[in-house]
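Right, one structure below, let's go through it.
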Amino acid sequence: MDHVEQVRLLERFSNKSTSGTLHLTATHLIFVESNNTATTILHHHIASVEKLSLTTSGCPLVIQCRNFRVVHFVVQRERDCHDIYSSLLRLLRPVSYDELYAFSYNPKQNEQQREEGWQLIDLGAEFERMGVPCDRWQLTDVNRDYKICETYPRDLYVPITASKPIIVGSSKFRSKGRFPVLTYFYQEKKAAVCRCSQPLSGFSARCLEDESMLQAISKANHNSRFVYVMDTRPKLNAMANRAAGKGYENEDNYSNIRFQFVGIENIHVMRTSLQKLLEVVGSRFLSVNDYLLGLESCGWLRHVKAVVDAAIFLTKAVTVEGASVLVHCSDGWDRTAQVCSLGALLMDPYYRTIKGFMVLIEKDWISFGHKFADRCDQLDGDPKEVSPVFTQFLECVWQLTEQFPQAFEFSEWLLLQIHEHVHSCQYGNFLANNQRRREELQLGDRTHSLWAFLLREQQNYLNPAYCPTYADTHPVLEPSTLPCHFKFWRNMYHQFDRSMHPRQSVLKNVLTLKESNCQLEDTIKDLETVSTCIKSNFICHIQMVSRYPVLTTSACLAFPTDPVLTTSRTVEGSSGTERKESYSDLQGTYGAKAEPAVVSLEFGVARMTC
Amino acid sequence: MFLCSHFILTQPVTFLVKHQQRCQEMEFAELIKTPRVDGVVLRRPFLPTVEGTLCLTGHHLILSSRQDNTEELWLLHANIDAIEKRFVGSLGTIIVKCKDLRVIQLDIPGMEECLNIASSIEVLSTLDSVSLMYPFFYRPMFQVIEDGWKSFLPEDAFKDLESMTEEWRLSDVNKDYSVCSSYPPLVAVPKDVDDDTLRKAAAFRHGGRFPVLSYYHKKNGMVMMRSGQPLTGTNGRRCKEDEKLINATLRAGKRGYIIDTRTVSVAQQAKARGGGFESEANYPQWRRIHKAIERSSILQESLIKLVEACNDQSHSMDRWLSKLEASNWQTHVKEILTTACLAAQCIDREGASVLVHGTEGTDSTLQVTSLAQIILDPACRTIQGFQALVEREWLQAGHPFQQRCSQSAYSNSKPRCEAPVFLLFLDCVWQILRQFPCSFQFSQHFLVLLFEHTYASQFGTFMGNSASERSKLNLSQKTVSLWSWVNRPQEVERLSNPLYEANCLVIWPSVAPQSLLLWEGVFLRWKRSSRCLDEAYDEMVHIIQYNNKELQNKVNNLRRQLAQLETEEPLLQTP
């Protein structure tokens, strides 16, 4: 069975529906409406499929996607519905990496382009940009063969004074062998941001090598006599871990540290919190009070703020006090990644550019072994390992872009697009849990890089208000931590719910205008050249004739009519050209009732009664 | 930002101070015990502190550092909502809380000076006498190009209506304000209804507010009317003239909708106090829909709670969200918008005429009728059109601005009739503006400006509670109109929305809670450094203007030149 006809697609927040044909391919689910507009859903994006009980109009099928799209189909015949349901269930649960879309995706590129795409980001060069190696930090080859820590990258940076025995000893004392290594170097104060996992201290165990390791980190920074150790977990969680032989650093054993808990909750709390949030905002006829109470009780914004608060703490310690900071949580690949990368974003303007942001994700998330495969549920695995940690990081970045509209080269569209592809498994970047596994899968040879794709169309992701000189006056961002400055990210969690969004997008308009400005500037340059040529009589007729038509066409392009973004997602309302269509959308919704005896007018989510 | 721009203007301070002092000598001398204190420190959030001389005049609190090019503070006493005093040793501190929600701190050396200043501010900011208000003393320091008092006359508005339909006439039944004290002298009514019928209908409606035309929908000829509640009382009184009046607006065989802004139970309770609603039996051609827009006293409480939540220094997310929720402000916004959408929907989609009323017909009714026009009528989304709308649906329609806006969110005194009815309307307009950012000729600056001027202003526009009060105060002769200020080219440019492209369509906003935002431009305006947001906005304006003006012009010029050169060229070659 490859397609089912006469399927209705119900709109999520109104009573409107469209009918069309549902196609099932090896990689996509495609719904084609009678007017030929298509809704395409990648199988990897589907988080769950649910068959609801039969109604008079047919058999309802609800599909929830990881990019927060929720579609509700009604299939006429139950048998068809069951067929789709069971086929989807089978397609949804890939058991091996080879089944993932990235290995079959072919964007019509030649081999050279593909290889170049993978070479765009070079972490060695990134550490060089930070000023490492230097007289205090060096590259170590202890993990060349992933022997010390298989979830770390091969290249690691440690203090010059940290000898191999110290490293080996320290790694044995750290959960999963994730010993303290450098992730960001704040050149101005020579202060380091290091990361690791929790120590295996239990109630009383200690490790001299680990203590020497922290000593070495401390010694590498002359600004401060101590190192901050940020345990990003709530104190209670950390204490509970002691019973399992893990735990946190005892200040008595480490003479040179200042220990601090920052209280970010674990992956399970975050998963439940987002689920609750989605339940709240997904309900129809939601009242303002239920919405706000729901926002409060799900705790999502509180968690987002906790992560930002932690990043601010880190930033202040490094940039104001000039102290080095060691960040960890339990395994050092979730909260630690969030805090280190967000802190670096606040400290270093480079990470606020498009390329820099990619480098940041590549460094703190991909190379240091954030478990994308487990957290994003790429293969059929343990549902308890799934958690929106990376989504939460993207949201923190979005909150910052809202507070500092001039500081970021990219707009939220880049964040949304990255989020889309973290789950799409279309590119190789985010597959698997760590670098070692990626190398085994030979992703560099068999898949394409997302960064190359994003950089190619980067004009779509530009923030028109971006001011490159902003970094000179504000090298370090100091965000407000007042709760009123944290907002619900509608364009993420409702990105496919058109009716929720502004009908016209400022971002899109200004972006289009900015692009047209560039074209106009070119046109002016061309026109000026031509006119100087004519004036100086240098030009012969043939040249004139051949150039002029070209110029007129380019000038006609002053206002490009094509929408800038070609993705099917409505990010911030619809463009000017779509406007009419979206009104007719509404027209359908509020179509006049033939018999007004029982008046049940409807507007948006509001219901009027007579 | 532009907080004091309309007070400072470009005149030298000394001139203004002299002018102020003259006024002060006359009426305010005994109220100002200490007119001047040196060494006062002004503290404002996100702005550098300023040390300077504090002057009190009859209408202003002025702080000047007496240095060139430094910012000065000019604050209208009328803008002060509440003050707090604190003393540490002989250093006194006055915390001034303004009606525009700003909070500033003045450190005043000397306990006596501080006490004097505080008591003067308290008295001067709560003067009851209308004739002492600043608009009567204010002399414009700008050239009035067009007198705002004459910009929006009902006669002119009716000319537009006449060009569309002949079914309406302008009645002067209220020319001496005797039929309805809160209506203007001229109102539009159905042509076939005579003045006598109007008088009888007026006797049957709350405050004499008989149904009058609010909006004519050109597209299908449907209308929106507004009125006060019918005085049916518990006995179910009826009034044939009232029925005749509103039925005259229906086309043959057509039904209309009555939108009662109160819930059924509130409307029922109103019967006991002589009010009520239109019964099905007496108004068979009308279908009544009840909505739930809150009474004004509840709205005031909501504003106070919201502002308190916004000023809370706590860093707890839960506390913020629960306080925001408990304020119910966003609920009111949603309720008002929804009702306005319903009215617009009845007119545009159902093709039916609508009558809107609540109790008095001067608050929630006007919120609904004016917002419905924003949705339906593109003209209301222009700068001029929006002023006309405010003039027509709020000022002429008798919204009691003076009563509603005499206190804002900080005042300690017991609220009497204060309510942020108009502010809620502006908030709703802002919500629509956010959702259709290219369909309005004005930016949110205009809405913020109107908010400020309804609470404290040098202009007479929002003084008084009705057309009759304004005419008694002779405002058009004795004060300057806000519209005279707004409609100067440089102000129009400042208030313009650079993204505006005329959109002749009906604009349907989303009223989902996720689509409604807290209006940061008003409620969080003083809560963060606005500089960076302003700069981003300016950058956007620059991009657009650069495109529209500079580049397009340049291209056109060059093309013209080129064309010219081309035609000249053969000449050059053939001599």
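In case you wondered, yes, glycine gets a Cβ from its N, Cα and C as well.
Lifted from TrEMBL, the feature list:
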- A:117-493: domain 'Myotubularin phosphatase' (DOMAIN)
- A:Asn266, A:Ile267, A:Cys329, A:Ser330, A:Asp331, A:Gly332, A:Trp333, A:Asp334, A:Arg335: substrate binding site (BINDING)
- A:Cys329: active site, phosphocysteine intermediate (ACT_SITE)
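What surrounds the substrate site, by Cβ distance within 8 Å of the Cβ centroid and not counting A:Asn266, A:Ile267, A:Cys329, A:Ser330, A:Asp331, A:Gly332, A:Trp333, A:Asp334, A:Arg335, is the set A:Ser197, A:Thr232, A:Arg233, A:Thr336 from the same chain. For the domain 'Myotubularin phosphatase' (A:117-493), the mean pLDDT of the prediction comes to 96. Sequence-distant neighbours of A:Arg335 (substrate binding site) (same chain, 6+ apart, CB under 8 A from its CB) are A:Thr232, A:Arg233, A:Ile264, A:Asn266, A:Val307, A:Ala310, A:Cys329, A:Val389. Of all residue pairs in A:Asn266, A:Ile267, A:Cys329, A:Ser330, A:Asp331, A:Gly332, A:Trp333, A:Asp334, A:Arg335, the annotated binders of substrate, the farthest apart have Cα atoms separated by 12 Å. With all protein chains in the displayed structure included, the most crowded Cβ environment within 10 Å among the binding-site residues A:Asn266, A:Cys329 is that of A:Cys329.
Residues near A:Asp331 (substrate binding site) in space but far in sequence (CB under 8 A, at least 6 apart, same chain), listed by position: A:Ser175, A:Lys176, A:Arg178, A:Ser197, A:Gln198.
The C-beta environment of A:Trp333 (substrate binding site), restricted to residues of the same chain at least 6 apart in sequence and closer than 8 Å, consists of A:Thr151, A:Arg178, A:Ser197, A:Phe368, A:Gly369, A:His370, A:Lys371. In the three-state DSSP assignment, the secondary structure recorded for A:Asn266 (substrate binding site) is coil. DSSP assigns A:Trp333 (substrate binding site) to coil in the three-state reduction, placing it in neither a helix nor a strand.
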